[in-house]
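Worksheet: one structure, shown below.
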């Protein structure tokens, strides 16, 4: 050694970061201690599995809709109208070379003469080779090609089974009786949901007229199906022809636009499920952050030693970053594979919602996303605790100071901001709306902040008002909650968020079910008679009342379309590309009623509603708030309606809030009495039947006497709705299962990690002579406090959240279910307790020294 | 002889709220290359703080530390780490082995940080020298206190440091084991011509060094040669 060997600052640059060595160190250290955080890897695995499965399935759904859009429509494009096509529409059809097939559809009561049973069905009369894509799946197979020629009917499979029908039996629709040619198993565009309300019945087009059911005021749809030429540009056609048809109250839909619309509809459901999955992922991230926090805390002395013998800050930091990143990659990989497996079950879960069979394939996007999410989220959520390795001083090896690696405030803020930005961007990507994404991020922040704040207050509260007179074990367990290395915050967050999610799911289901529940209101109608002609109404009403049943409503309905909005014709508005008026307002056939009072589902928001119209001049009307918003009109604005050929000038006199969720007839446009009484109209009558038998008998009699009247049996409909809700809740529960399972794993992980914090104390107590029962009691009480506190706060937050949902989203009263209080709260507390006690076993059952050696402490 | 450590007017004060505690006050001394040097004094006299400052683990409030010809104040934290890696070895009272690394892996770390080749054979030789070649794949928790300290010594010498700082190297060992460790420490020191700076309150152990620095209440009360003693 001589003077010249001494280093100068210039050649003492930070040692080059040898990546190989860093990986070697990460591996050496990881293999000896990695098992401590394996559980947390499991939590991120579940989160990623949830997100990947939903994402991948959504991609598949989109792809399938794209591939099967022609089969969903049965044609390349369709011209449809809710009224008999006028000459101009027919001219357009001719100019397109004439339709390749056409159909007429309407709801009607079907009677099955063999049994006398009746059922509301959706009748569709078809002429031509429709469907041109996809197929009518029938039993026998030949029935699909023969029913038109043989003049038979194809009847929905469920309906056939329900009434024990066989091909060859008869079905009566209106004035005709047709033989059943076969069972209709599937047809383009028919979903399980629509088929359960009004099952489809296909008959030859030529038979429609003889049913006698197509009359003025009937709800009839006219469709013309086209097969495009090989090079025909459907978008250009849509752009050119659709405005012309719009002016005639008809519409052109191409298979691509229908596919897109369908895609959007399922997208919303997908978004909701995505959020549930995202919450599972976030829970996993809480797990990652908390585990790495404890893990790094244990590693700080080693980092200090490494720094002491010459490792740079970067090297110390990178060793553990590599460990976390590798764990994230492995977690991402396992999660992605699990997600891809899970998505295989989705077609089964969603059976009945989808109008086609989904072919599952493996989309690249979600796979890449799953893999990168694993890495990105692990690193992002581990950064805050990881930063401590950067700031730990090598001086700590000399035990001059306690482990006080103070992180930089700026670094902390940067990490926290990155996490929030990430949550926001991910939510934005999922929801596609920055307001929703911001609300979601804010909501998450509030829940976490509240839980964290309450945990902090709790700790301070115990410290300040410590019950010194309590027994030794009770005091020790309380002390554990705020002593150094306590797990109070992490456990309360994990327990609280998990409980919050589970309870919110229960409460939301309560709200949804309460909205559809009819049984609560014994006076509400359960049988609705539609399409009752004015001249039939007295006879129909008599038939109801003579059976001793109440006539609850007799509501007149007049159909009309919008002609002018604030002095601009709807055609002008359609052509105005700058107009922001919602398109449905311009094309919709409004079913309007008139009466002199508001009903229970309505409340006046603005203006006054004259109960009786002035004898002359402009008619004051009332609009529902959604129509006023979509038509961009307010009080005093003028609207002209086309009432079946006659123009009627009206003025918006009031705007109503309408609870559309109620099972009763609601109207978006309301006229006062004294205006529409002489307009062509039909009526809706309602009654309440005490049981299914009475209901079926009345339906049979009514259909026999009045074949044009359609009957909606709300009791049956409610069963369908219940079935749908059950299925939806099944799907939601399935996704929530990921969140719950992740929550439990985070919980097990947190409790296990806290074991390493508690083990020394427990061993010391054992050494000092504490009995197993005392240590068990200390541990059990600590976890019981945490379980009760975490789950109670979670449920209370969920109550507030659900109340807000009920008021602002569902606009209904909220009566919370007791399940979260009776099952979730004790259940989660018991779970926390069980995990905690299981973890204490090793301390209780082994000699103190053996425990310390075994745990590597 | 060139000076490997030159400390001049060193001062360190800790602040705890309104209280200020001066741990070291105006300490000056130097150590020649190859010298063995003991820092002694009662508990709380500032021995360990002085060791930490001399090795560049902490920064002084006043004065300068020149280690291996470099003024530590001119280096940032990572440069000081690099200097330690090349020139400094450490032995601690509580061994400070990395618990998740085997004995061999612990010894390897300083050399691996330098990117040295043949590190494995060098370290196995060192473990052999300290009598632990057959325990090379054992984790610290599987070794006794004396064995852990011998692994720590092998680690300290693995990068052939110019200067070795030992903080109470026998503090956690029984007399017999402690004696063996001390013998080994002086042997290794002699073999590699390393400067040894030792903090101890064991006067007998201190006497085996060439010079002793006495501290009391943060002040230097003596800096004398043991030969004259």
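Any Cβ shown, glycine's included, is placed from N, Cα and C.
No curator has checked TrEMBL annotations; they are predicted automatically.
What TrEMBL records for A:38-242 is domain 'MacB-like periplasmic core'.
The domain 'ABC3 transporter permease C-terminal' annotation in TrEMBL covers A:275-388 (among others).
Positions annotated as domain 'ABC3 transporter permease C-terminal' by TrEMBL: A:733-844 (among others).
Residues or ranges marked as transmembrane segment in TrEMBL: A:37-57 (among others).
Among the features that TrEMBL reports, transmembrane segment is placed at A:272-296 (among others).
What TrEMBL lists as transmembrane segment is A:317-342 (among others).
Sequence annotations record features per position, and here TrEMBL assigns transmembrane segment to A:362-390 (among others).
Note on the transmembrane segment (A:411-431): residues 271, 274-275, 278, 282, 376-377, 380-381, 383-384, 387, 390, 437-438, 440-441, 444-445 of its chain, located 6 or more positions outside it, place their CB under 8 angstroms from a CB of the stretch. As annotated by TrEMBL, transmembrane segment applies to A:411-431 (among others).
According to TrEMBL, the transmembrane segment annotation covers A:437-459 (among others).
According to TrEMBL, the transmembrane segment annotation covers A:488-507 (among others).
What TrEMBL records for A:730-751 (among others) is transmembrane segment.
Within its own chain, the transmembrane segment (A:783-808) is flanked in space by residues 443, 447, 450-451, 454-455, 458, 477-478, 481, 487-488, 491-504, 507-508, 510-511, 751, 814, 816, 820-821, 824-825, 828-833, 835-837, which lie at least six positions past its ends and keep a Cβ under 8 Å from the stretch. The transmembrane segment annotation in TrEMBL covers A:783-808 (among others).
Annotation source TrEMBL lists transmembrane segment at A:814-838 (among others). For the transmembrane segment (A:814-838), the list of distant contacts is 491, 495, 498-499, 502-503, 506-507, 509-511, 514, 744, 747-748, 751-752, 776, 779-780, 782-784, 786-788, 790-792, 794-795, 798-799, 802-803, 805-807: same-chain residues at least six beyond its ends, Cβ to Cβ under 8 Å.
When the stretches A:317-342, A:362-390, A:437-459 are ranked by Cβ pairs under 8 Å to the transmembrane segment (A:488-507), first place goes to A:437-459. Secondary structure of the domain 'ABC3 transporter permease C-terminal' (A:275-388) per DSSP, as helix, strand and coil residue counts: 96 helix, 0 strand, 18 coil.
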